[in-house]
Amino acid sequence: LALVFLAPALGGFLYGYDIGATSFVLSMMLADRDHDNWWHKFPKLQQGLFISSLAFGALIGSHIVLTFLVNSIGRRKEIRIAATLYIVGAMLNVMSGTILATTRFGWGFTSLLMGRLLYGAGVGFIMHGAPTYMAEMSPSNVRGALVSAKETVIVFGIVVGMLMGDLQSDYPANWTDLYGYSILFAVPMLILTFKMPRSQRWLLLKGYHEEAKESMQFVYKGNVEDEFEKMADSINNICCRGESINDDDDEDDDDVPGSLCSKKYRNIMVIGMGLLLAQQFSGQPCVLAYSRVLFEAAGWGGHTSIITVTIMGVVSSFTVSMVDRLGRKTLLAAGSTIMLISVSCLSYGFWGWDENSSGALSDTKKQIVLWSMLVFISGYQIGFGPISWTVLSEIYPTEIRGSAMALSVEVNFFAKFLTQFSFPIIQGMIGWGTTFVVFACIILLGLIFIIFKVPETKGMTLEEIQLKL
């Protein structure tokens with residue numbers, strides 16, 4: 001079971017590491033005033049492109065999975081491709097700061113963007129393959145904890161990325177080193193993909209019964225004959241049920257988007273897409289990506305961002321331990337409520353303040369901003385952060401889980417790209433305070449959606465969830 005978790009976890013760790021490291025890279029670029037380097041001028045538009053390019057790369061990667069590879073190459077191979085893309089992308093990121101590139105904005109910035117796009121494509125592959133693989137391989141009594149633990153590993157990656165960034169921050173011209181370190185983790189991840197079994201449920205869908213039984217034996221140990229037969233019968237019944245419904249459905253289900261939009265899946269897809277949009281438009285991805293810049297703008301040192309993500313890790317660990325006891329819906333609602341209150345306080349802290357003309361925030365408002373940020377991110381880690389992907393990996397039926405998860409990843413990163421790219425531009429137009437009011441309104445809508453639409457899946461097998469929905 002540990003090996004089943006390790007390679008997907010490393011994929012999540014490398015995603016988190018890039019988030020943490022990049023928040024420092026941006027700050028280091030802005031601090032390096034050497035006119036011989038191409039990054040000495042870095043306006044808002046280029047900042048938005050730089051930060052959001054990872055999300056755009058992930059969007060491309062997830063679209064490739066959805067359009068060409070879904071259910072054809074298997075979850076394990078997706079994780080292997082992700083590791084390869086991580087390595088190549090990191091190498092291009094490092095090359096963007098070499099002597100050849102430092103004096104040429106066109107070459108240096110292009111190399112950096114290409115590297116982040118490829119690295120992001122790896123994220124797109126891992127965010128589809130990892131939760132799907134773990135959900136399909138894990139026993140139901142630990143499935144929620146294992147899939148949610150991936151978020152904790154992402155947070156751990158953010159912490160490591162920020163710690164490495166803090167160590168390098170006194171040498172701003174060496175920002176490319178932060179990207180080079182990720183190769184040290186991507187190579188072991190690639191090696192591990194040759195040691196882990198293929199998903200048992202994917203193998204059953206493809207008709208490889210003997211290999212599916214061996215895969216199940218790898219995780220469960222002991223005699224798995226009864227459990228295997230039960231799983232095989234459940235998947236067969238669900239597939240037969242799906243074919244029966246398809247016979248009566250007037251819609252064309254031959255293409256992937258068409259099948260996902262058919263009547264029988266419509267409610268499930270609304271739940272999945274709604275949950276993802278609420279997560280991404282809540283503002284947390286922007287707050288995290290620009291955390292160091294935001295804290296410095298408010299008058300706090302960059303070290304505060306490290307404290308923030310450390311708290312994220314602690315709260316994520318708590319959520320993982322409680323997800324199979326308190327339930328998914330309870331944690332989502334609680335986390336959203338905490339986020340709504342704290343982002344409202346954050347808006348108050350920044351209200352009427354302009355970083356270019358108002359000087360530093362008052363001591364009282366600095367405290368409000370700090371504590372609101374910490375509580376806001378904690379709320380995200382209680383709900384949206386670890387729970388969203390757990391729910392998605394559970395509610396999608398086996399016969400469309402691959403394509404539905406691929407579409408979910410695509411929607412996720414399209415929304416993330418939009419928010420991260422537009423955040424510095426919108427903030428410059430309407431100010432920090434009003435920007436956070438917009439996020440508060442979106443979180444309120446998300447909370448209402450969770451209460452009335454999201455089902456509770458605690459303690460149910462994947463097949464039982466499918467029959468319920």
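Backbone N, Cα and C define each Cβ position, glycine as well.
TrEMBL entries are annotated by machine, without manual review.
Annotated domain 'Major facilitator superfamily (MFS) profile' per TrEMBL: 4-458, in sequence order. The transmembrane segment annotation in TrEMBL covers 12-30, 50-69, 81-101, 107-130, 142-163, 178-196, 268-290, 302-323, 330-351, 371-392, 404-423, 429-452.
By the Cβ criterion (distance under 8 Å, sequence gap of 6 or more), the transmembrane segment (12-30) is not counted as touching the transmembrane segment (429-452), fewer than 3 such pairs being found. Under 8 Å from some Cβ of the transmembrane segment (268-290) lie the Cβ atoms of residues 19, 22-23, 26, 51, 158, 260-261, 309, 332, 336, 339, 343, 373, 376-377, 380, 384-385, 388, 391-392, 395-397, 404, 407-408, 411-412, 415-416, 419-420, 423-424, 435-436, 438-439, 442-443, 445-446, 449-450, 453-455, 469, all in the same chain and six or more residues away from its ends.
The stretch from 50-69, 330-351, 371-392, 429-452 that makes the most Cβ contacts under 8 Å with the transmembrane segment (404-423) is 50-69. Taken as a whole, the domain 'Major facilitator superfamily (MFS) profile' (4-458) shows an average pLDDT of 79 in this prediction.
If one looks beyond the transmembrane segment (50-69) by at least 6 residues along the same chain, the residues whose Cβ comes under 8 Å of a Cβ in the stretch are 18, 22, 26, 42, 78, 82, 85, 89, 112-113, 116-125, 127-129, 256, 289-290, 403, 406-407, 409-410, 412-414, 416-417, 420-421, 424.
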